[in-house]
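Please read the structure below before turning to the comments.
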Amino acid sequence: MEEGTEVGGSSRGGGVRCELVRHLEVSENAPAGSRIGFIDADSPPYIIVPVPGSPVKTDLMIDQATGEIRTKVPLDREINPSYSLVALPQNVRIVIKVLDENDNAPTFPVDHVDIEFPENSPRDAKRALPPAKDPDLGQYSTQRYDIISASVPENATVGTPILSVNATDADSGENGRIEYSINRRQSDREEMFRIDQQTGMVYVNKALDFESKQRHELVIVARDVGAQPLEASAFLSVYVTDVNDNQPTITVIFLSDDATPKISESAQPGEFVARISVSDPDSRTEYSNATVTLTGGDGHFGLATRDNIIYLVVVERPLDREEKPIYDLSVEATDAGTPPLRAVRTFKLLVTDVNDNAPVFEQERYEAHLLEASEPGTSVIRVKANDADYGLNSIIKYSLKNSTWFTIDEETGLITTVTHVDCETDPAPLLIVIATDTGRPSLSGSAIVRITVHDLNDNEPIFERPLYNASVREDLSVGRCFLKTMNIFLSYCHHHHDNDDDDDEGNEDEDDKELIVFK
């Protein structure tokens, strides 16, 4: 819309000059590049002088050759309700008025207000609310207050009706026919809901999720279809109610030094193994409060809690890795919804070793035989011990206690000679074998090895005296001793026979060392 007015003023020469004022209008939501009007089609070109404080250069485009004025950007009446400029040399003053549109919703100064009513308040007692403000003008500003709300379960399918809004128009005919819509600029930009244009029924348009958003605010617009349509708005609050659609979530944190599922076999009852937290995104108490149980462990482990949210896996009975090195544990959380939902978390718990078992030989006593003539390095016997522990705690090293003739390989347990043995010095040496593990502290076990040294005929008989004299009666009975020697290496017996031609025979008698008469 354009109009012109001439305004008188004084010139430098004392005369009166005329200033032409032109008024133009443009909607605040006109797109960039929209034509507003012309300065004066008869008198271009122009020199444009913006009025101080008016953002002409940033918001408007002016063709100085033609005088055409266009928008450079979308305008906002609430920021700049008008623009002013002067076109020289004709001294034309242009005033551009930005027309209001309903592009601002009313807003309350606070989001939450607490109101108190004494319990004996009368039925019609009232409390004032802080008024809502709308920067728009006239019919676009705050007209009335409406409270409309509805609830819908989060598992409502697309197309589920929520509620029907209704507006009335006192006009008749087309001017009184109402169409409904949702103001997408001010609400529900995700298009979670839709409204029937004719009936005002609001429907679910997309899948809802209580855990993502619990309340949706819609601006419902009712507009008549007259030549100059009028409209009214109402606010609709849609509350999404929770259903038991989420199973509990189980989080396990193991309390070992490296946060892996393990526990030492030396752990005492009451020591903690793991921290378990249970959560449920569902809001209702019966949905979010879960029952937690622990299975597996053969009674060696249990659960402890103080708040039914954080649980601790604790040792309840002593452990023995050698008896059972791994436990399969399972944590189950079940909510109280209908039907109940549950979650299960399973893990293998490793029982780590401590050096609580000493090496044990396969035999407590070993027997071995060795020829006296054996050379140094001769293998005698191999012994073996076992350790029920694990890792370094089970590695065994062998040793001999107080032995000069023998040695043992510390890894294989093979006993060998280190020098010549002497049957006459020790015909049956006893060895004590020690098996020691490499744990900290180390443990050890022992066994006895008895080695029988078989004699080599390496010593000739030696008499105590070179000559013995003895008298024997001729009636001496067979078997009677007639001469006894002491401390000899070899007993020698003289055999008396009826046949005087037979040779004498020697006989070793280690106990009595006597010369005995034989028949």
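A Cβ is built for glycine as well, from the same backbone N, Cα and C atoms used for every other residue.
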(request) State the residue range annotated as region 'Disordered' by TrEMBL; the candidates are 56-82, 110-136, 272-298. (result) 110-136
(request) Restricting attention to the domain 'Cadherin' (362-463), give the mean pLDDT. (result) 93
(request) Please work out the helix, strand and coil residue numbers for the domain 'Cadherin' (144-250) from the DSSP assignment. (result) 4 helix, 45 strand, 58 coil
